[in-house]
Amino acid sequence: MTERHDGNQIQNDILDMFLHSESEAVSGEQLSQQLGLSRTAVWKQIKQLESYGFQFEASPRIGYRLTFAPDELMEPLVKMHVANESTLGHTVLWAPDRESTNQTATALARDGSPHGIVVTARQQSGGKGRQGRIWTSPSGGMWFSVLVREPCALSQAADLTLLASVAVHRALVSEGVQAQIKWPNDILVHGKKVCGILAQMRTDGETVEYAVIGIGINANFSAELFPPEMREYATTILDTLGRPVFRPRVLGHIINELSTIYRALEQGVGGFRTVREEWKANAHTLGRKIQVRMGNTVIHGVAEDVDDNGVLILCDDSGEKHHIHSGEVLFSAAEQV
Ligand code: BTN
């Protein structure tokens, strides 16, 4: 749990003081006394926060006033939107650069970090997608991973990502994004991918010991930052809404939804079954002609339904039904997506 003791905590404490000061100036003396830091150390922290986009007005003998806060996924900003009863998001570990939030969260899980911590980053240099793909993660996106301990039985592991897509879908819709869910757990807008989910877990016999739910949302940047071929199938919230969203609020909302959904799963009263109708009402996949690649095999057909366990029912060109547990859904070239 080394991260808790780095600059993160001091910065969070400083930001908390400013955010709760109702735009009043906070004196250097106040900061240094309450935080147990020298005035020079306080000044250095302020300079670092400025390098992250915060703006302060400094007046001699009066102190500092926070005049602008960027919409980074930092703990003090995110926690203003996390419900008191949430079991997730009590700790949010932000960093300007990480290789991959999933990688950090997995290392923290191995070190014994508690259920519910959320790891975030302004940008990722080695973001991981499914099937070992690279996940392009520039500044402006929402790159985060949630650690959940003993969330469910191994037999329900697939529910973790299916349910996460429902949580993200709810939060994006409430921001005015016309989001749809692509089986098993991508979020699309006008047929283009805006969010991907990668769960990595450690199992112990029949239970999931812990899972790291990694969520990447192409939020406040333009798709022009993507390589040209990627723009064919990926988009961003900024491009589709024509305006940015306030990322700490969106993350707070996702955390609250996830907390409720995962708590029910953990207590044995939840699972995909309980959100199936909502999932179906917002599915992009159903009724479409698709191809599913499973290993080296590709099955062509129409996606007919999703059952209580989140299994996709595909009717192939000869009328035979296939139950697809996992795999890769590719839309056929003939299909307009
Ligand atoms: C996919 O291929 O659709 C899954 C993409 C998952 C990307 C997110 S970004 C935050 C977290 N950290 C990673 O390295 N990957 C996930």
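A Cβ is built for glycine as well, from the same backbone N, Cα and C atoms used for every other residue.
Note: TrEMBL annotation is automatic and uncurated.
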With the ranges 8-27, 28-47, 88-107, 268-287 to choose from, which does TrEMBL describe as DNA-binding region?
28-47
Test of understanding: give the count of other CB atoms lying within 10 angstroms of the CB of Lys193 (biotin binding site).
18
Other C-beta atoms that fall within 10 angstroms of the C-beta of Asn102 (biotin binding site):
26
Fewest other Cβ atoms within 10 Å: which of the binding-site residues Ser100, Thr101, Gln124 wins that one? Let me know.
Ser100
Could you say whether, by DSSP, Thr101 (biotin binding site) belongs to a helix, a strand or a coil region?
helix
